[in-house]
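Below is one structure, written out as structure tokens, with a few remarks after it.
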Amino acid sequence: SPSLSAHKAPPRTKHMAGSGSDGTEDSDSSAEREQTNSSESDGNIHKRQRLTRASTRLSQSSQDTPDLKRAADHDESPPLTPTGNAPSSESELDISSPNASHDESQAKDQGSRDLDKDLSHRPKRRRCHETYNFNMKCPTPGCNSLGHLTGKHERHFAVSGCPLYHNLSADECKVKAISREKQEEEIKVQEETNSRHATRHQIPTSKQSKYKEQVAEMRKGRNSGLQKEQKEKHMAHRQTHGNTREPLLENITSDYDLELFRKAQARASEDLEKLRIQGQISEGSNMIKTILFGRYELDTWYHSPYPEEYARLGRLYICEFCLKYMKSQTILRRHMAKCVWKHPPGDEVYRKGSISVFEVDGKKNKIYCQNLCLLAKLFLDHKTLYYDVEPFLFYVMTEADNTGCHLVGYFSKEKNSFLNYNVSCILTMPQYMRQGFGKMLIDFSYLLSKVEEKVGSPERPLSDLGLISYRSYWKEVLLRYMYNFQGKEISIKEISQETAVNPVDIVSTLQSLQMLKYWKGKHLVLKRQDLIDEWKAKEIKRGNSNKTIDPSSLKWTPPKGT
């Protein structure tokens with residue numbers, strides 16, 4: 001009937017079956033088809049209207065809803081249709097039917113574009129640790145966490161980057177940062193203008209000589225001491241702020257040295273900030289501040305990847321013989337009562353007096369070597385090896401007394417180094433620094449290279465203290481060789497063969513001592529008697545120190561087939 005055909009069209013096969021030669025039935029069938037087409041058109045119009053209203057509501061709701069709430073709603077949205085949009089009504093589920101018109105597809109595309117445009121403006125979700133950092137506060141009393149010691153960041157969350165702790169303001173830090181950048185640019189330009197063959201220009205330029213005189217003039221009054229008013233000011237500052245602020249540094253030394261110290265502080269703070277951003281350290285909770293090691297309580301310098309349950313304590317207790325780390329003084333005391341170790345594992349390959357060196361194989365004593373690496377990382381910046389210790393040999397230096405062999409320092413060495421590195425990592429414990437043990441470790445590494453009949457060199461990059469120690473050692477070796485040399489012509493190759501020092505390190509040391517000159521197409525080694533006499537005077541003043549390596553006390557043969 002017509003009333004039924006207005007809502008549902010009869011099947012097309014039924015029309016074909018009812019057609020015949022009689023014109024009356026054909027006309028009835030034609031009328032039926034017209035009514036069916038009109039009903040389909042009416043239905044399509046209703047669908048288009050519902051689709052347009054649904055798209056409009058979706059667009060308006062996406063504009064009115066806050067960004068973060070929209071992002072959360074989008075995550076919980078129902079499955080997407082083939083067009084890429086979430087269905088908002090039953091009519092949208094039918095838009096891909098064969099009876100959909102061209103207008104319907106246009107309305108569908110417009111709704112898709114509106115939603116895609118709206119989604120493109122949604123902000124990306126923040127990571128959890130970034131949001132958490134903004135909720136943290138600087139531990140310095142009275143600090144609002146604004147500014148940074150480097151002058152490059154808007155906020156800080158640790159004492160190392162706090163301007164207030166360093167008795168500065170955020171604006172002063174920014175001004176100092178601009179000044180440092182200008183100086184670095186000037187130095188960079190000056191280095192680029194210098195000749196690549198630096199050995200041809202050993203004599204300082206007039207500008208360098210003038211700058212050296214200025215520095216000497218600025219450093220004249222650095223040992224004059226504080227006046228009475230300045231002492232009172234410093235004491236009042238200490239009484240007012242205690243350990244929550246850095247002591248006043250003005251007038252303690254020259255302005256030049258103070259500025260150098262400030263630059264070093266800013267550089268260290270920037271390195272810590274990079275590690276924090278990379279997620280390698282977490283201020284406050286997961287940073288070991290101190291360790292109890294034997295008779296000493298040591299402040300740590302860098303982050304070490306100890307297990308989180310130990311790192312978050314802030315203070316670690318370590319057995320100085322087996323290097324096991326513990327959580328409390330009570331556990332350490334019980335451990336020391338049972339610990340049978342009194343020296344490192346492995347073979348004792350050197351002994352003279354109270355100084356001994358043990359060779360520890362990373363494959364045979366894996367736990368000890370891993371604990372040694374974790375301990376060393378607390379005082380080394382560039383160390384990256386912690387657990388993969390099997391390809392390395394560790395040479396541990398100790399000082400003996402009636403309680404056992406106490407750890408002084410160590411260096412590690414690859415069993416098979418293709419680049420002939422004789423040191424991979426080297427460390428002197430802080431309580432033994434500036435006593436000559438660092439040079440002893442370096443000298444011992446070159447002694448092993450001499451026995452192996454190889455030329456050695458430390459693996460790069462070196463830490464700041466390591467670079468200073470190696471340069472001092474190379475200087476001493478070269479001056480001693482010059483002092484004992486009686487010939488007329490000095491060969492760098494001969495120096496390298498006798499001292500086991502790499503020729504590259506020899507050349508760089510000669511350049512720093514201004515003992516290498518380029519003349520008539522050749523490099524000449526100059527024997528500067530003033531430097532040799534100065535070194536000899538220091539040797540005589542030092543006397544017969546026991547801080548030297550005696551080759552006759554070495555009982556070692558190069559390992560084979562490791």
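Every residue gets a Cβ built from N, Cα and C, even glycine.
What TrEMBL says about this protein:
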- E459: active site, proton donor/acceptor (ACT_SITE)
- 52-65: compositional bias 'Polar residues' (COMPBIAS)
- 66-77: compositional bias 'Basic and acidic residues' (COMPBIAS)
- 82-100: compositional bias 'Polar residues' (COMPBIAS)
- 101-121: compositional bias 'Basic and acidic residues' (COMPBIAS)
- 185-195: compositional bias 'Basic and acidic residues' (COMPBIAS)
- 210-220: compositional bias 'Basic and acidic residues' (COMPBIAS)
- 283-558: domain 'MYST-type HAT' (DOMAIN)
- 1-124: region 'Disordered' (REGION)
- 185-245: region 'Disordered' (REGION)
* Note down the number of other Cβ atoms within 10 Å of the Cβ of E459 (active site, proton donor/acceptor), including every protein chain shown. => 17
* Asked: So, by DSSP, how many helix, strand and coil residues make up the compositional bias 'Basic and acidic residues' (210-220)?
  -> 10 helix, 0 strand, 1 coil
* To do: Please spell out the DSSP helix, strand and coil residue counts for the compositional bias 'Basic and acidic residues' (185-195).
  => 9 helix, 0 strand, 2 coil
